[in-house]
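Features as listed in Swiss-Prot:
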SIGNAL    1-21  signal peptide
BINDING   His111, Asp142, Asp204  Zn(2+) 2 binding site
ACT_SITE  Asp113  active site
BINDING   Asp142, Glu178, His431  Zn(2+) 1 binding site
ACT_SITE  Glu177  active site, proton acceptor
Amino acid sequence: MIFKFFFIFFLIILVIKISESVDSTVNVHLIKSRTELAYSFKESLSFKTISFDDESNKIDYDEFLKFHNFLQNKFPIIHRVLKRTVINKYSLLFEWTGSDKTLKPLLLNSHYDVVPVTESEWTFNPWGEIRNDNIYGRGSIDNKVIVMATMESIEAILANNYTQPIRTIYLCFGHDEELGGLNGHRMIARHFRENLVRAEAIFDEGCPFLASNFVPGFHDIIAGVGVFEKGYLFYKLTSKVNSFTHSAIPPKESAIGILSKALAKIESNPFAPIENIEKKNQLLQLFNGETIKSNPFLDAMTKTTTALSMIHAGTKPNIIPTTASAWVSHRIINGNSIEYVKSRILDLINDTRITMEIEGFLEPSPISSPFTTAYQILKQTIYQQFGGYNVKVVPTQLMANTDTRHYWDITDNIYRFMPIVGNFMDFVSIHGSNEKISIDDYIKTIHFYKKLILNFQPFSNSSNSNYINKNLKINDYCPNSIYSK
């Protein structure tokens, strides 16, 4: 009890210090009109910076270089003041050098490559169209919105004569996140290691904030900040038989039948929920057990998931194939491991006629603390931006994967978020059709990053140090958390 009392006291002091750490007199105005900002963002979507993951489609890197030139033309002050480094031909690193070299830098990470589109499935131009106060286009949420919002916010800060931060800030824009970031953010992270850079914190993409009634009956906005990610395991299962292949004389057991039985075992035996997972993922503390079980989004947060994603066998109706293959995908929760998942699946199948070939894997990420200064500043900024609504800011788990996997040794403090309130259809559109953001939400995203940057530190030509409103409400300390132990 005494330890818990002092821990809570420490958090109160931390919040007070944060509230007094940045400049309340700073009033940075955007230098472009609402229309200019919207059309500039629409133009950014016109560059087909597509990451193809199949060899039949060649990536058009000219589009990536055109996007570089677009940024140079749209953000002249940034390119004059910040140091730009091109990493591995196509990724971009901007260094905004701070005046205090003893402070660890802040990294604002994102990516500008996008997934392919099936144009026939789009009602609007997938490469940028403004209609009904919405900006449509691939990348409008994932993830050019963050690239453009951070650039617009910093261009505005610089234009308002706040030219040098106390703490160095890096903008890190990868070019192949949709392929795993091996040539983009992995190389940027290597650049930091070679230059002995350790970061105070990294802010990267995450899940959009959940709109009111995203979970039926829950009326608050849920601002989930990803403090850890699931891992993954992708593999191919193959069954083989040595039998006559004419359909007129079928074998007792076919390759398809053997594989189908194995897949049925896998699908009908899901992984069990991790005990006390809500202590790591505090978003789950907002709901009771029945609500979690009945909601696919919440239920997936409690366990390692299984998805049967592809199957292949046979070439003609009257020929029985001697081999059949299927691909399976698991998203591995913190508390399970790759080896555990692999062993459990092989035990379930229990058939030597089936082989497993691993095609991709990643262990679950480390967990970042929500009680660091960086997290608390992010939390206060969310309250500033969405202060007119009922907002719950909670540390949570990201079920997808980001480029942060390449930075685990650069900092312990990695926070994933998307400062846009989304509904179910917004989630569906991210890698689907008619991906969009409203003009208002885009402008708000620019303001969010402007506030976050100003809140994170004073500037060397700023006289006061009180930017965050002291009256901002801070979420109550949550005792049911692993972080309080």
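Heads up, the Cβ atoms here are built off N, Cα and C, so glycines get one too.
Feature annotations (Swiss-Prot) mapped to structure.
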{"residue": "His111", "record": "Zn(2+) 2 binding site", "DSSP class": "strand"}
{"residue": "Asp142", "record": "Zn(2+) 2 binding site", "DSSP class": "coil"}
{"residue": "Glu177", "record": "active site, proton acceptor", "DSSP class": "helix"}
{"residue": "Asp204", "record": "Zn(2+) 2 binding site", "DSSP class": "strand"}
{"residue": "His431", "record": "Zn(2+) 1 binding site", "DSSP class": "coil"}
Pairwise CA distance, His111 (Zn(2+) 2 binding site) versus His431 (Zn(2+) 1 binding site), rounded so that it is a whole Å: 15
Cβ atoms near Glu177 (active site, proton acceptor) (within 10 Å, other residues, all chains): 26
Alpha-carbon distance [the residue listed as 'active site'; Glu178 (Zn(2+) 1 binding site)] in Å: 7
Binding-site residues compared (His111, His431) - the one with the fewest other Cβ atoms within 10 Å: His431
The residue listed as 'active site' versus Glu177 (active site, proton acceptor) - Cα distance in angstrom: 7
Set of same-chain residues at least 6 away whose C-beta sits under 8 angstroms from Asp113 (active site): Thr49, Ile50, Ser51, Phe64, Gly174, His175, Asp176, Glu177, Glu178, Leu179, Gly184
Distance, Asp204 (Zn(2+) 2 binding site) to His431 (Zn(2+) 1 binding site) (CA atoms, angstrom): 18
For Asp204 (Zn(2+) 2 binding site): intrachain residues, at least 6 apart, with Cβ closer than 8 Å: Asn109, Ser110, Thr402, Asp403, Thr404, Ile414, Tyr415, Arg416
8 Å Cβ shell about His111, Asp142, Asp204 centroid, Zn(2+) 2 site members excluded: Asn109, Ser110, Asn143, Ile146, Gly174, Glu177, Glu205, Thr402, Asp403
For Asp142 (Zn(2+) 2 binding site), nearby residues of its own chain (Cβ under 8 Å, 6 or more apart in sequence): Val114, Val115, Glu205, Ile430, His431, Glu435
